[in-house]
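First up is the structure itself, then whatever we jot down about it.
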Amino acid sequence: MHDIDFIKNNPELFDEAMQNRNFGKIAHKIIELSANKKHTLTQLYSLQKERNNITQEIEKLKKDNIQCDTQIELSKEITKKINHINNMIKTDSELIDLLNILPNIPDKKVPIGKDENDNIEIRRYGKKVDFKFPPKTHYELGENLNLMDFKQAAKLSGSRFVILKSQLAQLDRALANFMLDVHTQEFGYSEISHPVLVHESAMYGVGQLPKFADDSFKTTDNFRLIPTSEVALTNLVSNTNTNANELPIRLTACSQCFRSEAGSAGKDVRGMMRQHQFNKVELVSIVTEEQSELELERMTQVAEEILKKLELPYRVMMLCTGDLGFSASITYDIEVWIPSQNQYREISSCSNCKAFQARRMNAKYHTISNGNKVNKFVHTLNGSALAIGRTIIAILENYQNQDGSITIPHVLRKYMNNQDIIKNNNY
């Protein structure tokens, strides 16, 4: 949600920001709708004050046994006008509807561009494996080892699902435990276990609704399955006012995530790259305005640390204005090397949403200045660290051997009964 006062004071700057995010000029419309709403509310407050005065007059006249029919009729007329204006306010949602679909303002650092082709590479890490044989895809490796089953998953649930067996199921669990251990023990995040079904208000709070309603699954009783733990973790501070001394708050969780993948027809049809259901470890930070810039750098480095420990080659990209997520002001994507595709693919996205989500959630913090309490909206950040399915893909492809077996990364072996090789499963 945007600050209307900022739009009023900076209409040209706001229009430029929206144009860079592929929206037209809209500031004038917002200012006009806001002025109309303010005028309507002024009328309402004036009528309410007038009715209160008449009510007091009626009570006084009755007490003195003086006739007050005229005042009673006038009170009724004013009440009708108040009810009419209240109904207008309830039904006139044009301003809110407009603000709800406008994305966040890009940070000044964000490069201007149309799509992913205009993203900027920030840094690279790791050396790509020089295979002495043609590398197989993750799904060829998984199916050949009898550890990855898409056919049985399709019988159960349809396309874009997978069944992992034996050592790959262990790898999935090992990765979650490994990532959470790093985040909590080395970087001070607090682990949270949370519901995967949430109210639509929680989805609205982080910007998933109303614009992206088709991208998530909805139950018959109006719950939503979360597309990411960001929804649950960020909403833990909705409608709160935190003491600034308690910030930053750093949270992490591993959860199942659910996405309809609307608009993804034909993309990554084979394999685990794009699934309706997957596991992901998420990071969320709740910080002050002054802390948020450095917090994004820290969060990105935390996500990178997982890939460094797994010894997987990757690069960090800064997204351009045309590729930014709806709620993000600035985003770093971390892309891991996928040998079979001969390209880097996204495995993490770390974003600073500044106060955009906080306004939707009414999440504030307070400081004391000159003896007075000062309230501000918190800044929220989120990052994948990491998407577990895509990490499995990267491990299978980068650690594959010529015989089709997979070497288990050293840091994961203690989570997998000290095994060092993933090999054919007899089940």
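Quick reminder: no glycine exception, Cβ is built from N, Cα and C everywhere.
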Among Glu186, Glu282, Glu335, Glu346, the candidate listed by Swiss-Prot alongside Thr228, Ser229, Glu230, Ser384 for L-serine is Glu282
At 10 angstroms around each C-beta, which of the binding-site residues Thr228, Ser229, Ser260, Ser349, Ser384 has the fewest other C-beta atoms nearby?
Ser260
In whole Å, how far is Ser384 (L-serine binding site) from Arg259 (ATP binding site) when you measure between their Cα atoms?
15
What is the interatomic distance between the Cα atoms of Glu261 (ATP binding site) and Glu282 (L-serine binding site), given in whole Å?
19
Can you check which residue among the binding-site residues Glu230, Glu261, Glu346 has the largest number of Cβ atoms within 10 Å of its own?
Glu230
For Glu282 (L-serine binding site) and Ile347 (ATP binding site), the CA-to-CA distance in whole Å is 12
Among Thr228, Ser229, Glu230, Glu282, Ser384, listed as contacts of L-serine, what is the widest Cα spread in Å, to the nearest whole number?
9
Can you tell me which binding-site residues out of Ser260, Ile347, Ser349 are within 10 A of Ser384 (L-serine binding site) by Cα, answering none if there aren't any?
Ile347, Ser349
